[in-house]
Amino acid sequence: MLDPKYLRSEIDEAAARLATRGYVLDVAAVNALEEKRKDLQSRTQELQAERNARSKSIGEAARRGEDVAPLKAEVTKINDELETSKIELDALLTEIKSISDAIPNLPSETTPVGRDENDNVEVRRWGTPRQFTFPVRDHIDLGEAAKGVDFKNGVKLSGARFVVMKGQIARLHRALAQFMLDLHTLQHGYTECYVPYLVNPDSLYGTGQLPKFSQDLFNTGIEGEGEDEGKMRKFSLIPTSEVPLTNMARDEIFDEQELPIKMTAHSPCFRSEAGSYGRDTRGLIRMHQFDKVEMVQLVHPEKSWEALEEMAGHAEKVLQLLELPYRVMALATGDMGFCAAKTYDLEVWLPAQNTYREISSVSNCTDFQARRMQARVRIDGKPQLLHTLNGSGLAVGRTLVAVIENYQQEDGRIAIPAALQSYMGGLTHIG
């Protein structure tokens, strides 16, 4: 959520910056609502003051032995007007909040301006794609040949965009997650967390999935217990462990010396992939359920840009140790996620597609999520909104795809990257 004071005082500037994201802010409508809010709020306060004054006069008149019936009638009338004014004000504030909740974060000054992914800017690249001396096979062919990727049973059990992994491929998938967690906790200073996979609506609001992106979620509910008995408690499966990790800061005030707080978690992620019909229908690239190792940082508001570069480096280190070629892209304003002020995408080389594909997004959300969550840090004795950052470190399934394709051998076997062999019991090849 953007700063309401900024929106009120600099609405034209905000509209111009949001326009670079493709978001059209109706300045006239927002200004009209704001004027109406001020009028209604002023009217409500005047009625409250008038009611209090008349109520006081009733007591004084009664002490003098005067007839207070006319005064009571006036207070009743004022109360009716006040109640009507409060209802109108509450409805207006709800409307304003609904509009505010749909406004994305302001892009940073260093974010490339552009409409979509075609305007993303390459920042750097690492490694050289391997030159194969034999026909390249994709991860589906290689995984099925190794009897480790079973889409048939995935469809039977759940439907399209689900998979069953078996044997050494399942073990490699697990090894990748363990390797990533060890790297981030032992070398990068993150604290490993195990988080709930079901979260409540407040959590999804805090990190920006609700209300705008409800169609992307898998939702469920259970019968309440204790005080909630007889009520249905709403939950959603997490689209990323960013949601529970970041929301642990909700309604908290940290001391300055407690920051930065760096957390990581390995979890499944569940996404409906609404709007992705027909895209990546084969293989492991776009699934309804996939695993990811997530990184989250809660930082001092003056240090979030430094933290963004650091976090991108942490994600890159995974790819470097696995010796997978990649490039780093600065996303254009029109391609960024809702909460981000600036995002780097890491794209790994996939030989079978002869292109780079996204494997991580690392974003600085500035105070956008913190304002929704009221996550604050005490600076010079005064609570201020902290800054939140999140990034994949990495998407485990897509990393598995990259390893399978980049490490394929002419005989169909898959070599195990040196960094993973200790996690695979010394195994050097699959197949």
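Each residue, glycine too, has its Cβ placed from N, Cα and C.
Long-range contacts of the region 'Disordered' (41-66) within the same chain: residues 72, 74-75, 78-79, 81-82, 85-86, 89, each at least 6 residues beyond the stretch ends and with a Cβ under 8 Å from a Cβ of the stretch. The region 'Disordered' annotation in Swiss-Prot covers 41-66.
Neighbour count (other Cβ atoms within 10 Å of the Cβ, all protein chains): 29 for Ser241 (L-serine binding site). Annotation source Swiss-Prot lists L-serine binding site at Thr240, Ser241, Glu242, Glu294, Ser392, citing sequence analysis.
In sequence order, Leu331, Gly337, Thr343, Tyr344, Asp345, Leu346, Gly391, Ser392 are the residues of the chain that are 6 or more apart from Ser361 (ATP binding site) and have a CB within less than 8 Å of its CB. Following the DSSP three-state reduction, the secondary structure of Ser361 (ATP binding site) is strand. What Swiss-Prot lists as ATP binding site is Arg271, Ser272, Glu273, Glu358, Ile359, Ser360, Ser361, and the listing cites sequence analysis.
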**OP:** If we count other C-beta atoms within 10 Å, could you say which of the binding-site residues Thr240, Ser272, Ser360, Ser392 has the fewest?
**Re:** Ser272
Subject >> Surrounding CB atoms that lie within 10 Å of the CB of Glu242 (L-serine binding site), all protein chains >> reply: 30
Subject >> Residues within 8 Å of the Thr240, Ser241, Glu242, Glu294, Ser392 Cβ centre (excluding the L-serine site residues themselves) >> reply: Val243, Leu245, Ala265, Ser267, Cys269, Lys292, Val293, Met295, Val296, Asn390, Gly391
Original post:
Which is it, of Glu294, Glu358: the one of these binding-site residues whose Cβ has the most other Cβ atoms within 10 Å?
Top reply: Glu294
